[in-house]
Ligand code: FES
């Protein structure tokens with residue numbers, strides 16, 4: 001006997017224990033919007049991000065210095081992390097929901113004016129993101145060089161609060177970069193069954209893909225943590241340069 005079809009829910013179901021759907025977009029507007037405004041202030045009004053052995057992530061690598069440019073020096077490098085984050089699969093979901101309400105959330109109806117516009121955010125800039133990933137890895141290598149430099153003081157090895165902040169920042173950015181969906185594709189793509197090779201043994205590539213997949217499950221957390229760490233690292237160095245605070249030397 002045919003089963004009678006059940007009527008669907010007339011409004012979005014809020015899973016038990018979950019926050020209302022608008023909390024995440026509201027957080028994105030405040031956090032991402034605040035970071036963009038701060039970045040504009042930093043990039044447009046400052047031409048150096050170096051304080052002794054500390055270099056702000058906004059100014060590293062010193063591309064402007066290589067070419068002898070003295071104005072808007074951060075601009076020559078910040079476009080890379082900007083394009084990388086702007087084209088990030090996770091951020092795209094977040095800012096589409098937060099700033100365009102298109103789509104606003106799972107099972108949440110869109111404003112009437114958006115309902116006939118197909119959502120194209122997922123496929124339009126995927127290729128751009130893949131290329132941005134390669135450039136972001138190059139920038140990351142320089143940030144790790146800056147971490148080493150942050151532990152070398154005029155009297156030798158030392159640890160300042162700035163050294164710790166830059167170290168944490170590089171760790172979080174590494175987690176963000178290597179939990180990327182595009183990197184996971186790079187490692188695991190173009191093979192139908194890479195766990196089936198090597199006579200039933202798991203290949204190095206399979207194990208690597210497995211690790212990246214584990215990190216990828218937390219890509220959103222890596223994304224926010226690394227954004228805040230960049231913000232904190234730059235702000236700390238900016239306040240040192242302005243003489244508002246003094247570095248705390250721990251060792
Ligand atoms: Fe977010 Fe690649 S998907 S950095």
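Including glycine, each Cβ sits where the backbone N, Cα and C put it.
Annotated transmembrane segment per TrEMBL: 21-41 (among others), in sequence order.
Non-local neighbours of the transmembrane segment (63-84) in the same chain are 39, 42-44, 46-49, 57, 128-129, 132-133, 135-136, 138-139, 230; each lies 6+ residues outside the stretch with a CB under 8 Å from one of its CB atoms. Per TrEMBL, transmembrane segment is recorded for 63-84 (among others).
Look at TrEMBL and you will find 131-153 (among others) tagged as transmembrane segment.
Residues or ranges marked as transmembrane segment in TrEMBL: 159-178 (among others).
Within its own chain, the transmembrane segment (221-245) has Cβ neighbours under 8 Å at 31-32, 35, 38, 42, 46, 48-51, 54-58, 81, 85, 88, 90-91, 161-162, 165-166, 168-169, 172-173, 175-176, 179, 215, counting only residues six or more beyond its boundaries. Annotated transmembrane segment per TrEMBL: 221-245 (among others), in sequence order.
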Chain residues in Cβ proximity to the transmembrane segment (159-178) (below 8 Å; excluding those fewer than six residues from its ends, i.e. six or more beyond): 51, 54-55, 57, 133, 136-137, 140, 143-144, 146-147, 150-151, 153, 212, 215, 219, 222-223, 225-226, 229-230, 232-233, 236-237, 240, 247-251
